[in-house]
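Q: The active site, proton donor/acceptor feature in TrEMBL is assigned to Tyr134. For Lys162, the entry in TrEMBL reads active site, schiff-base intermediate with substrate. Per TrEMBL, pyruvate binding site is recorded for Met204.
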Amino acid sequence: MYHPSGVYPAMPTPFKKNGELDETGLRDLVIHLESAGVNGILAMGTIGEFAMMSEQERRKAAEIIIGASNRLEVIINAGYASTRETVKMALFLKDLGVDAIVAVEPYFYHPSPAGMARHFLAIAEETDMPVIAYNIPQFSGNGITPGILDSLVEDVRIVGIKDSEGDAMKLAEFIRRAPRDFSVMVGSDPLAAYGVCMGARGMMLGSAMLAPDVCIEMYRAALDSDMKKAFSLQKKLNNYIKAMRVGAFPAAVKYMLSAMGLPGGHVRPPLEDLSDREKRIADGYLRDARAMKELVV
């Protein structure tokens, strides 16, 4: 069974100014990441604005991503608020040939812990494919607890968890409870070095879109137990992270990609692209980040 490990940029979905999917831009982003040295990509997650996309658009974007990828492992979010729709999307992605699906926890409504566990277990049972649970309660309104994780790891098809909550103690508890072959993936950018040093198998980060080289070097340093180097690289990454938080997420990520000459595209309403003032703030953080990248660890 597939188990992710390494560095996986969380990829935005580029939209044109009129709101249409930028198919060429999406393809170009995948090709760019092919040459960046990362292990794979995570598509149509939170940064990918999956909740702003129709089912037809999500399917079309997935086809483009799979078609453009040659070497990269491809993981795509299949999540919906309902188990039924998540399974439906996951089966489509399985037929396309993704390496695994991520399933964001149910959102808007508030199932019990048992209902949350059954959601992920049903996806694994009905699709018979590698499933990665996605914990991001600050967006979903729900959260995966260590107790829920205990239920999920009983099914070998649930191969990992992307933890984007940003709670260092909870991340450490996930790592402690996870079986040896279970992939705890850090999804909170400020905790990347910490998580891998603690035993996480990799990272799925928006900042890895902006500085994949820093993330790769940081991951390798953490694997080598070179904590001084890993945390020095985390400091370099932190200016990108500060810039990512300007404006309505993920507008700054898209703006910075565009500033780097990549097809970041626009966000979809009701989200708004960065204002001129916000762009100046993001530019300042980006200059600081680039200056720090020149430092020798």
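Including glycine, each Cβ sits where the backbone N, Cα and C put it.
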Q: Would you mind listing, in sequence order, the residues at least six apart from Met204 (pyruvate binding site) in the same chain with a Cβ closer than 8 Å to its Cβ?
A: Tyr8, Pro9, Ala10, Leu42, Gly45, Ile75, Lys162, Met185, Val186, Gly187
Q: Using a Cβ cut-off under 8 Å and a sequence separation of 6 or more, which residues in the same chain sit near the residue listed as 'active site, proton donor/acceptor'?
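A: Those within reach of the residue listed as 'active site, proton donor/acceptor', by Cβ under 8 Å and sequence separation of 6 or more, are Gly45, Asn77, Gly79, Val102, Ala103, Val104, Glu105, Ile161, Lys162, Ser164, Gly187.
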Q: Within 10 Å of the Cβ of Lys162 (active site, schiff-base intermediate with substrate), how many other Cβ atoms can be counted across all chains shown?
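A: For Lys162 (active site, schiff-base intermediate with substrate), the 10 Å Cβ neighbour count is 30.
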